[in-house]
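Copied over from Swiss-Prot:
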- 1-20: signal peptide (SIGNAL)
- 22-84: domain 'LCN-type CS-alpha/beta' (DOMAIN)
- 32-83: disulfide bond (DISULFID)
- 36-58: disulfide bond (DISULFID)
- 44-64: disulfide bond (DISULFID)
- 48-66: disulfide bond (DISULFID)
- 84: lysine amide (MOD_RES)
């Protein structure tokens, strides 16, 4: 029984450490946001899940916005914007 409680405690500890909180607009290799205006309804949800996010949608700027992604995922920022007007 003690081992079971220890196992459960470790599981929750690992879950808290690995918890993903990042959100934002997905960015491609060209530095531009993932466009979604002409894509199917579930396109952004699928792209966000590929990046290990929990959910996403086609946002106001007609780009994919994702929730709860790992910190390694690149997201768009006006300060680091490298998109050349595409």
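Cβ coordinates are placed from backbone N, Cα and C, and glycine is handled just like the others.
Feature annotations (Swiss-Prot) mapped to structure.
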{"residue": "36", "record": "disulfide bond", "contacts (Cβ under 8 Å, 6+ apart)": "43, 44, 58, 62, 63, 64"}
{"residue": "48", "record": "disulfide bond", "contacts (Cβ under 8 Å, 6+ apart)": "26, 54, 55, 56, 64, 66, 67, 69"}
{"residue": "83", "record": "disulfide bond", "contacts (Cβ under 8 Å, 6+ apart)": "30, 31, 32, 33, 76"}
{"residue": "84", "record": "lysine amide", "contacts (Cβ under 8 Å, 6+ apart)": "30, 31, 32"}
Inset, instruction - Tell me the Cβ neighbour count for residue 44 (disulfide bond), meaning other Cβ atoms within 10 Å of its Cβ, over all protein chains shown. - result: 24
Legend entry - the domain 'LCN-type CS-alpha/beta' (22-84): DSSP-derived helix, strand, coil residue counts: 8 helix, 20 strand, 35 coil
Inset, instruction - Mind checking which of 32, 64, 66 has the fewest other CB atoms within 10 A of its CB? They're the disulfide-bonded residues. - result: 32
Inset, instruction - Determine the Cβ neighbour count for residue 58 (disulfide bond): the number of other Cβ atoms within 10 Å of its Cβ. - result: 20
Inset, instruction - Give, as a single whole number between 0 and 100, the mean pLDDT over the domain 'LCN-type CS-alpha/beta' (22-84). - result: 93
